[in-house]
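As recorded in TrEMBL:
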TRANSMEM  A:6-26  transmembrane segment
TRANSMEM  A:47-67  transmembrane segment
TRANSMEM  A:73-99  transmembrane segment
TRANSMEM  A:126-144  transmembrane segment
TRANSMEM  A:164-182  transmembrane segment
TRANSMEM  A:247-265  transmembrane segment
TRANSMEM  A:286-308  transmembrane segment
TRANSMEM  A:335-364  transmembrane segment
TRANSMEM  A:385-404  transmembrane segment
TRANSMEM  A:410-432  transmembrane segment
TRANSMEM  A:439-457  transmembrane segment
TRANSMEM  A:487-508  transmembrane segment
REGION    A:521-548  region 'Disordered'
COMPBIAS  A:539-548  compositional bias 'Polar residues'
C-alpha cells in the first residue's frame, strides 16, 4: 500500500472535491421550491446544451464501461469493439424517437417512461410492468459502478482481510454519494459530470498519445494483440471477427443501443433538458464520447502490448480482468497522473450511479407509490418519497457488492439489458401508434422475458466453467439450425415479444376487448418549450388544498 | 384549444438520411478486415471510428435541414 501513497492522496483529494460540489449543487440554479419531483428528479427540466451534453455523456458512458470494455478487448479482441457501432447508432435513434418522448412528457409532466405508457394506453398494469422492469434492470447497473471503483481501489492496494474492511472505502464513498443525491437530486450529478468528463478526456488524450509512443506505435500494439489471440486456444478471439460471431456483433450493437435508450437513467437525462433543440443539437455532439470510448477500448490492446497481468479475483485461481486498465496505468504512468486517472474512474462511477438511483426512485414514486399506495400524494410527498427511495436503492446496490459474489451483479446486468429491451414495444412503438393493444403488450412482454431468460440460462461460460448465464451470445444451433453462428439474446427475445404482441392484438381486437382511452393527442408529440402544460392529467382528482 | 391551422409534424424526407448511420455500422462485411491499415490501425478499427464521423455529419445535416423556423 505504501508505494501507492501519491495515487491515494490525489484520488482522495479529487474525490472529496467533487463530494463538496455535490452538496453545493442544491443551490446551483436553485428553484423557488425544491419539494417537487420535477426539481429533485429532473433538475427543473431546465438544462441547456452544455449541461445536457455533460450529463447525458456522463450518464451513458459509465465507470463500468470504462473498465469493462477494455477488459473485454483484452480478453476477446474485436468482439469487444461492438461498443463503438453501438454508440454510433444510438444517436440517430434518439434523434428520431426519444425526441417525441420528450415532447409528450413536457406536455403532460411525465417523469418516467411508465408515466407515458400509463396515459397512452390507459393501463396502470402495463405501467407497473414497465416500471418494475426498469427498476430491476437498473439495480445491478448501479452495483456495477461499484465494481468500477473497486477495480481502482484494488490496484492501489486498498484492500483488507475481512469482508467489511475490504469494502469499507466503497461503503464510505456510497454513503457520501447517497447524502448529496438526497439533498441535491439531479443537480448533483449534472454538476459533478463537468469534473468527471474533463478528467476523463484529459487522461485518455494523454494515454493514447503517450502509450503508443512508449509501446512502439499502433502497428506494434495491434500485432502484439494479434499474436496473443493467434496463440490462444479460444475459438472466437482475434483482432477481427470470424465467420461465427459477426451476427452476434451487430445484433449486440443494435440490441444494446435500443436497450440503452430504454434504461430509465438515459430517459431521465433526456427529459431534464429544456427543449427539443437542446436534444437534437446534442445528438451531433454526444458522439465525441463514442470516440473517447473507442479509444478507451483500445487500452485493452495496449495492456496486451505492455504485458499487463490482471490482479487475482475474489476466488483463488481466478483473475479480475476489470483490473487490466488500472494496472496498465499503474505500470506506465507516474503516480500523480495515475492518481488522476483513478479519480476519473472513481468519480465516473458516481455520476451514473446517482442518475440511476434517481431514475429508479422516480419510477417507484410515480408508478408504484402514487399509483397504488397513495393516490392523493402531493408534489412535496412525491419528492420526499423519491429521495428516500434513492437511499434505499443505493443501500441495496452496496449490499449486492458486499454480500454477494460480484459475478452475480455482472450476470444481473447481462439479464438487465435483455429485460429492459422488452419494454420497447410499449414505449417505442407506443410513441408512434396505439395500434398494439394494452393487453397484448403485457403478453408480449411476458413472452419476451420468458424467452430471454430461457436463452440466457442455456449459455455456458467456457472460461469460468459455469453452466448458465455465461454470456449473451446464443448459438443458433440450439434452435435446431445447422449453423455455428451466435446471436444476441435480447434481439431474439424482443422479436418474439413483438410477434406475440401483434398476434394477441389481433385476437383481443376480434374479441372486442376494451382498449382504454388515449390520454395524449397527436400534437403532444411535437410540443416544445413554451407550449402550455396539461396539468392534472392523471385520472385521480388531486388537491388544491395542500396535504391532508 | 383552438389550433386547427397549426398542425405540427416532425415528418421530413431528411429523416431518411438518419437510416444511414443506423444501418452502415451494422454491416460487418464492410469493415471486418485487417488490411489496409491506416496509421497502424487495422481497417476494422479505423473504419468504425470513421462511422462516428458519419453519424455526426448526418445528424448535423438533418438537424439543420429540419430546424423549425422561429415561430412568431
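Glycine is no exception: its Cβ is also placed from the backbone N, Cα and C atoms.
Between the transmembrane segment (A:47-67) and the stretches A:6-26, A:164-182, A:247-265, A:335-364, A:439-457, the greatest number of Cβ pairs separated by less than 8 Å involves A:335-364. Taking residue pairs at least 6 apart in sequence, the transmembrane segment (A:247-265) and the transmembrane segment (A:73-99) share three or more C-beta contacts under 8 angstroms. Contact check: the transmembrane segment (A:439-457) against the transmembrane segment (A:6-26) gives fewer than three Cβ pairs closer than 8 Å, residues 6 or more apart, which falls short of the contact criterion. Panel annotation: around the transmembrane segment (A:286-308), residues 53, 56-57, 60-61, 65-66, 69-75, 80-81, 83-84, 87-88, 91, 200-201, 204, 207-208, 211-212, 215-216, 220-222, 224-225, 228, 239, 324-325, 327-328, 331-332 of the same chain, lying at least six beyond its termini, place a Cβ under 8 Å from a Cβ of the stretch. Using a Cβ-Cβ cut-off under 8 Å and counting only residues 6 or more beyond its ends in the same chain, the transmembrane segment (A:385-404) has close neighbours at 37, 40-41, 138-140, 142-143, 145-147, 150, 163-164, 167, 170-171, 174, 177-178, 181-182, 185, 353, 356-358, 360-362, 364-365, 369, 377.
Sequence-distant contacts of the transmembrane segment (A:410-432), counting only residues of its own chain at least 6 positions beyond either end whose CB sits under 8 Å from a CB of the stretch, comprise 97, 100-101, 104, 113, 116-117, 120-121, 126, 130, 133-134, 136-141, 143-144, 147, 255-256, 258-259, 262-263, 441, 444-445, 448-449, 452-453, 456, 469, 471-472, 489-491, 493-494, 497-498, 501, 525.
The transmembrane segment (A:247-265) makes contact with the transmembrane segment (A:487-508), as judged by at least three Cβ pairs under 8 Å among residues 6 or more apart in sequence.
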